[in-house]
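Asks: Mind looking over this structure? Questions follow.
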Amino acid sequence: MNQKVKIAVFASGSGSNFAAIEQACSAGELNAEIVLMVTNKPEAFVVERAEKSSIPVAAFRPKDFETKDAYEDAILRSLQDAGVEWLVLAGYMRLVGPILLSAFPSRIVNIHPSLLPSFPGKDAIGQAVAHGVKVTGVTVHLVDEGMDTGQILAQHAVRVVDGDPDKTAEAIHAVEHGLYKDTLNKLFSQ
């Protein structure tokens, strides 16, 4: 088997996608090793998940830095120290800026709960339900300087469940983890 790809997972919340990626790495289903978990919210549950898995955590509050560049410089130093090769965004609720984009060209990937380019940004599921669409879904894409505008790598359609955002979110989460794992495997084998 190829040498494992060293990844940093970025997350801001509970970390269900982080947990799925970690489990896939541990089970040998993903040819990667999470060498760092990066968060902008030190109080997020994902921190506890990472610590339970003995994965180092780098927590940076944006408000503790004078500029976004200073914030990203601090993150970049941690990534370089850990030998990170790819950035995997998993519910990271901040735009990635030019410092990280230039340090990891075409090596930052994100998962988004809609069929992009429809419903980019926050509350994509709520946006889809509010617009009355019958089908939404999940997109895995490379990250660029825009909000959810990078090259689409994979998509999976999901029916909107009874106009209910919570039920629709459950349906989306049911396909997210497998789609992300499969897409990452394809990227890491190229």
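Heads up, residue numbers simply count up from 1 along the chain you see.
Quick reminder: no glycine exception, Cβ is built from N, Cα and C everywhere.
Grabbed the feature section from TrEMBL, which reads as follows:
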{"type": "ACT_SITE", "residues": "His112", "note": "active site, proton donor"}
{"type": "BINDING", "residues": "Gly15, Ser16, Asn17", "note": "N(1)-(5-phospho-beta-D-ribosyl)glycinamide binding site"}
{"type": "BINDING", "residues": "Lys68, Met93, Arg94, Leu95, Val96, Asn110", "note": "(6R)-10-formyltetrahydrofolate binding site"}
{"type": "DOMAIN", "residues": "6-182", "note": "domain 'Formyl transferase N-terminal'"}
{"type": "SITE", "residues": "Asp148", "note": "site 'Raises pKa of active site His'"}
Asks: On the 0 to 100 pLDDT scale, where does the domain 'Formyl transferase N-terminal' (6-182) sit on average?
Replies: 95
Asks: My understanding is the cutoff is Cβ-Cβ under 8 Å with a sequence separation of 6 or more in the same chain; which residues meet that for Gly15 (N(1)-(5-phospho-beta-D-ribosyl)glycinamide binding site)?
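Replies: Listed in sequence order: Ala44, Phe45, Val46, Arg49, Ala50, Ala90, Gly91.
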Asks: Tell me, how many other CB atoms lie within 10 A of the CB of Leu95 ((6R)-10-formyltetrahydrofolate binding site), whichever protein chain they belong to?
Replies: 13
Asks: Just how many other Cβ atoms lie inside 10 Å of the Cβ on Met93 ((6R)-10-formyltetrahydrofolate binding site)?
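Replies: Excluding its own Cβ, the number within 10 Å is 15.
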Asks: Please list, in sequence order, every residue of the chain apart from Gly15, Ser16, Asn17 whose Cβ lies within 8 Å of the Cβ centroid of the N(1)-(5-phospho-beta-D-ribosyl)glycinamide site.
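Replies: What remains near the Cβ centre is Ala11, Gly13, Ser14, Phe18, Ala19, Ala20, Ile21, Val46, Arg49, Ala90, Gly91.
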Asks: A 10 Å Cβ contact count, applied to the binding-site residues Ser16, Asn17: which residue has the minimum?
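Replies: Across Ser16, Asn17, these binding-site residues, the one with fewest Cβ atoms within 10 Å is Ser16.
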Asks: Let me know how many other Cβ atoms fall within 10 Å of the Cβ of the residue listed as 'active site, proton donor'.
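Replies: Its Cβ has 23 other Cβ atoms within 10 Å.
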Asks: How big is the Cα-to-Cα gap, in Å, between Ser16 (N(1)-(5-phospho-beta-D-ribosyl)glycinamide binding site) and the residue listed as 'active site, proton donor'?
Replies: 13
Asks: Excluding near sequence neighbours, so keeping only residues 6 or more apart in the same chain, what lies with its CB under 8 A of Arg94 ((6R)-10-formyltetrahydrofolate binding site)?
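Replies: Expected: Ser12, Asn40, Pro62.
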Asks: Give the distance between the Cα atoms of Met93 ((6R)-10-formyltetrahydrofolate binding site) and the residue listed as 'active site, proton donor', rounded to the nearest whole Å.
Replies: 11
Asks: Going by DSSP, is Asn110 ((6R)-10-formyltetrahydrofolate binding site) sitting in a helix, a strand, or coil?
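Replies: Once the DSSP labels are grouped into three classes, Asn110 ((6R)-10-formyltetrahydrofolate binding site) ends up as strand.
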